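Structure record follows, encoded as structure tokens.
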Amino acid sequence: MAVTPRGTSPVPPDARPRLTVLSGPSGVGKSTVVAHMRKEHPEVWLSVSATTRKPRPGEQHGVHYFFVTDDEMDKLIANGELLEWAEFAGNRYGTPRAAVLDRLEAGEPVLLEIDLQGARQVRESMPEAQLVFLAPPSWEELVRRLTGRGTEPPEVIERRLRAAKVELAAEPEFDTTLVNTSVEDVARELLALMDVV
Ligand code: ADP
Ligand code: 5GP
């Protein structure tokens, strides 16, 4: 399977990249923005990751994540079935490779919502991808959102906030930064970056 590198593609060189990576600290609002965007544009395809994390209330297998055991994750990694994977705050997460490559081959826009380590791996393996960083309006607001979501115990929130400091420092590595003040505005900006509207 070949994803045509930019420059040799038959599409004009200024065409938007098909693969978009959305990253940002836990609690910044990535899932909220993506859900809002897909409510109005269900044609935007979002990769469903595999994770060893336990489901939160309401999360469905195959919809929000493929919830896998440690052994299953070991196998996915060993068999080269993941485009990228990373350990984040005590759990492993990875992007199933085949589904993403199929969509790209069909010329469809593809969105990955993954952490910083994953974004770096995608940048290495698919330099044509555009990397978008979702930033909080302030550190205090990030803490408020992560705590207010109420899905993690305090020690997990602490761990995620430690990771958030590292992620915020890496913002300059990204092609574009969107500040999540308004979900509607960010969703619109993201759609424009993906050339969907
Ligand atoms: P992430 O997917 O980045 O971990 P979530 O989408 O779960 O973050 O959002 C974390 C919390 O912040 C949720 O309670 C969500 O409702 C809230 N939130 C998201 N975006 C905004 C926003 N623009 N303004 C206020 N609250 C927001
Ligand atoms: P959560 O547990 O809050 O759903 O996700 C925690 C972090 O893992 C978030 O930053 C999210 O973007 C990231 N993540 C989700 N799926 C993947 C994936 O497939 N690969 C990587 N590297 N990170 C992921």
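Placed from the backbone N, Cα and C atoms, the Cβ positions cover glycine too.
According to TrEMBL, the feature ATP binding site maps to G24, P25, S26, G27, V28, G29, K30, S31. What TrEMBL records for 17-195 is domain 'Guanylate kinase-like'. Annotation comment: TrEMBL describes 1-28 as region 'Disordered'.
Where TrEMBL records a feature, it is marked here on the structure.
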{"residue": "G24", "record": "ATP binding site", "contacts (Cβ under 8 Å, 6+ apart)": "K30, F133, L134, A135, P136, E167, N180"}
{"residue": "P25", "record": "ATP binding site", "contacts (Cβ under 8 Å, 6+ apart)": "P136, L142, R160, A163, A164, E167, L168"}
{"residue": "S26", "record": "ATP binding site", "contacts (Cβ under 8 Å, 6+ apart)": "A89, L146, R160, A163, A164"}
{"residue": "G27", "record": "ATP binding site", "contacts (Cβ under 8 Å, 6+ apart)": "P136, L142, V143, R145, L146, T147, R149, R160, A164"}
{"residue": "V28", "record": "ATP binding site", "contacts (Cβ under 8 Å, 6+ apart)": "L134, A135, P136, L142, R145, N180"}
{"residue": "G29", "record": "ATP binding site", "contacts (Cβ under 8 Å, 6+ apart)": "L134, P136, R145, N180, V183, V186"}
{"residue": "S31", "record": "ATP binding site", "contacts (Cβ under 8 Å, 6+ apart)": "E113"}
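Same-chain residues with CB within 8 A of the center of the G24, P25, S26, G27, V28, G29, K30, S31 CB atoms, the ATP site residues themselves not counted, are L134, P136, L142, R145, L146, N180. Its own atom aside, the Cβ of K30 (ATP binding site) has 20 Cβ atoms within 10 angstroms in the protein chains shown.
With respect to ligand 2, the binding-site residues G24, S26, G27, V28 contribute S26 as residues with a C-beta closer than 6 angstroms to one of its atoms, given in sequence order.
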